[in-house]
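Only one structure is covered here, and it is reproduced in the block below.
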Amino acid sequence: MTSLIGGLVFCISFLALEVQATYRPYGGYHPRQHQADSPIVPRQTFQRSFQQQQPFQSVQQGQQHIGNVQQPAQLSQNQTTIDLGETHCKSRPLDLVFIIDSSRSVRPQEFEKVKIFLADMVDTLEIGADATRVAVVNYASTVKIEFLLKTHFDKPGLKAALARIESLAAGTMTGLAIKTAMEETFTEGSGARLTNKNIAKVAIIVTDGRPQDTVEEVAAAARAAGIEIYAVGVDRADMKSLRLMASLPLDEHVFYVETYGVIEKLTSKFRETLCGVDACALGHDCDHICVNNNNNSYGCKCREGYTLNADKKTCSRSLQNQNQNQNRNQNGSGSNEDANEMSGNELSEDACMCEAQIAFQMKMQSTIKQLTNKLDDLSRKVTQFGGRR
């Protein structure tokens, strides 16, 4: 009988340790404990996996290379195909300006391809006043601002405006277009957000020719003002000029395609490049609630009645909450609630939990309770048996 009781005690202890290892205080599900079941590939790993590709490779019809990225159709068996829609990619807010070349060298049907590319890019982004804002600067020998960052805050209206853009013909004043974008679209009056809001300012230049003005100084000034520049060259585009315009590192900011017919293939690359990381989903140390920031990091918050400690991760009961609990205990109420909270039964309040984890924890708690009851019953029987002897 004694050995049976010892075995039951061992089983209960083992189960308790398993539950404690899986669940944090306050009943929280800890995502880092389950990474082995659900491997996560960070954005940095995704980029490194393609660094062996040669930069500035061309994209031809029938080929599968884009910039320095190889498409899934060409992946070898030891490479992993990454579906960006299934990774922890989070659409981060941007102030995004497209600067598009519509000079005479861009034929009408080719210019329509550019507009399709822009519409496809918009489809990959979260558009809104508090999300990504988009403007378009159209240029040839003159520059025309088609619409500003403050003009369209919904996808249907934005895509309709893109469809109405017409080519300008004539020359290729790329430097003037960059200067106009910097001075007239990336401003607070035009809808750009303040620097202290940590909203990235991004310009994507699409051109098929050699600039007829200087681009190096004006592009450097734009980059110094905090604008990240991507340069997309098509067909006869001058690679030297693209490099002078783009931000560093060049292999992540300069792209070249052979024809406008395949420019839409760059959409998936830009989607990954402009994507923000869902830092909370990658794992966090927050006691209660994890909140994603705009700079691919996270912060911690506490549930109501708690305050964030100096470590910015753990939470403690606020003084007001403690006083309320003391009053309830003195009145003989709320003791069960407090006991449940201290035992880790706040199942529904943890933001990281889902129904499967809740059900598992409840099942484990029920099992432990049943085993405890059986142990108590056996203890009583042992006591009765000892009394009879």
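Positions of Cβ are set from backbone N, Cα and C atoms, glycine also.
The signal peptide feature in TrEMBL is assigned to 1-21.
A mean pLDDT of 94 is what the model gives for the domain 'VWFA' (95-270). Per TrEMBL, the feature domain 'VWFA' maps to 95-270.
Look at TrEMBL and you will find 276-316 tagged as domain 'EGF-like'.
Feature annotation from TrEMBL assigns region 'Disordered' to 321-343.
Taken from TrEMBL, the feature compositional bias 'Low complexity' covers 321-336.
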Determine how many residues of the domain 'EGF-like' (276-316) DSSP places in helix, in strand and in coil. 0 helix, 15 strand, 26 coil
